Amino acid sequence: MKNEPPMQELKCADNEEGPSPQEKSRPVWHSKAEFFLSCLGYAVGLGNIWRFPYLCFENGGGAFLIPYGLALAVAGMPTFFLDLAFGQYSSLGAISVWRCVPLMRGLGYGQIFISFLVGTFYNVIIMYCFYFFFASFTTALPWVGCGHEWNTAFCSELASDCLEAGGVMTLDNTCVALANLTDDELDSLNITQDGNSSFDLSEYTDPFRLERKFPSEEYWKRAVLQESASMNETGGLIWQLLLCLFLTWLVVVLCISKGIKTTGKVVYFTALFPYVCLFALLIRGVTLPGFQKGISFFFNPKWETLKRPKVWLDGTSQIFFSLGAGTSGVLTLGSYNKFHNNCFIDGTTIAFLNSASSIFGGVVIFSILGFMAEKQGLEVRDVVSQGFGLAFIAYPEAVSKMPVAPVWSVLFFFMLITVGLDSQFVIIERSLTALTDEFPLCRHHRQLTTGAVCLSLCLIGMLCVTNAGPYWLALFNGYGPSYSYILFSLCETLALSYLYGIRRLINDIRAMIGDKWVDIPTFLWFPVCWCLITPGVLSVALVGGWVFRNDPEYNGPFPPWAMAIGWSFTFFAFIGIPLVWIKDLVMNKGTLYQRWHAMITPLESWGPAKEVDRQHAWNVHLEHGTSMGGTLPLPNYAQDLDGEIESETKF
């Protein structure tokens, strides 16, 4: 690899431009704790509370921890650490960071598009949590009982109340006292009567048991969502949800308007309080009858499930869904670090704590579901549902059975709010950081940019507070992130390992954390993963995800026009990559090889933001036989990136 000119020929001290705008304006974390808690809060999101427990149940219980753990070791942790180191070294956001490989700038635009999409529907979920939180401030929870206006004749408690009153539900779904049933009706319901007029109900089953709905499900579907019969029936705005949506976005704007100066303080509460709530719920859960059944069901391994490819695919997708690797979120948080922060320890520790939090949350949830199954005389598998159903049907139903139910309901949904908010802060912040790094005008009007972005996403989110809202939410969730996180990570890993260069990448990290950490045997695992193992695993996951994919549905298949919108999400997420290639090939001068070489050559401005760190990185690269990629002295960061590319890459 071509070495840089000798250090003595470069006069950094004579740089007449002075500190760059990047050095002057870009803040850093006030303390290590703020950064660590922000990363932990971002990684530990709502998916840890409802998605991971369900996937464990669906994919073999304790056996699922094997593919999950392997995916963490060979894909999740390496990409998480790579994101963190990449951002910390450059102090740049998702778009500008690709000054190291201009060819990949389109990846940054795709990540920002997905961030806007995810931020839109993620705040809708937090909105639902706010709704349930406020609804819990009552002496009797509104989803208890079947006597409300939103309940139907198929509310499950009608059947249980009928039995307690000495009657049964007949074939016309009415409650009739046993003594008033005719012999033919008794026979049709498998009820026998002995000589002393007592009735044997051991063979009786409710004829409408399959149509029965928990009161919490009817509350969710008919009172909260007020969902229409199909996506084609938009209906009107639900004002209660609309107010909660406005409140949710207001909280987000207030907390991120000044960047890490405000979010760094808020995360002390939002990142730690969920653990206090989970611990309190665990203590309460293990004192309830039937909790052993739930925890046993959660951990009981079904080894035969490991033969199914879907189990391994779910393990990999959950790691990326949970950690947020490949989304530029971790990269953004790392970009506000001090240059010599030990990102190696931070990255591995946070990735491990994220998985431990998922398991801890699963124990808490299944202890409560075990109690719910015991209370209703059902198997645990009969009270477990997926995604939103688990969060807003099973959990409220379980909490309603607990003593002092409103108190536990308030605590539970406030926990979900805090878990969701600290993830949402980073989802929006990673987009804002990319915009302010790339466009100086946005950087000079940070609060105005924040307000404009959040207002735009709030207006789009209003689709989800109509009667067709659940359909839109399912569409966003199904087609939006899906496997884009994995594809983003694959592109990033390949670009940095082979286009930027693995030796150069290692020496970038060496410049930050020193020889002491880079030369230990444990560190060697990560370059091996970046070059070989991780790209292989991610490629298999992508192919497998496509082969075994199921089109998202909600109350049946989506209409064709909705599926077209869904596929457009995926199209716009990745179209930026080839568009950047085409633009650079057309705009650059020289032969095809010269144009390609310009597209994979770091720009002069690439490297650490501060002159002292840049000088240090230069020395480290020179000592170990690689090139830093950028130049000394530091060019003006305020220069427009596109103009910089055109001027630096012409032959």
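Backbone N, Cα and C define each Cβ position, glycine as well.
Which of C146, C162 pairs with C155 is settled by TrEMBL: its disulfide partner is C146.
From the candidate list N354, N467, N477, the residue TrEMBL records in the Na(+) 1 site shared with G41, A43, N48, S322, D422, S423 is N354. Here the Cα atom of N354 (Na(+) 1 binding site) is found 39 Å from that of C146 (disulfide bond). DSSP assigns C155 (disulfide bond) to a strand. Tertiary proximity for the transmembrane segment (448-473) is limited to same-chain residues at least six positions away from its ends with a CB under 8 Å from its CB atoms, namely 116, 119-121, 123-125, 127, 225-228, 230-238, 241-242, 245-246, 249, 252-253, 256-257, 388, 428, 431-432, 435-436, 442, 554-555, 558, 562. Taking the C-alpha atom of C146 (disulfide bond) as reference, the shortest distance to any of the binding-site residues A43, V44, N48, D422 belongs to N48. Between the CA atoms of S423 (Na(+) 1 binding site) and C155 (disulfide bond) there is a gap of 36 Å, rounded to the nearest whole number. In three-state terms derived from DSSP, N48 (Na(+) 1 binding site) belongs to a helical segment. The Cβ of D422 (Na(+) 1 binding site) lies under 8 Å from the Cβ of S38, G41, Y42, G45, V266, V267, T270, A271, each on the same chain and at least six residues away in sequence. Rounded to a whole value, the Cα-Cα separation of S322 (Na(+) 1 binding site) and C155 (disulfide bond) is 35 Å. Of the ranges 35-53, 107-134, 319-339, 351-373, the one with the most Cβ pairs under 8 Å to the transmembrane segment (268-291) is 351-373.
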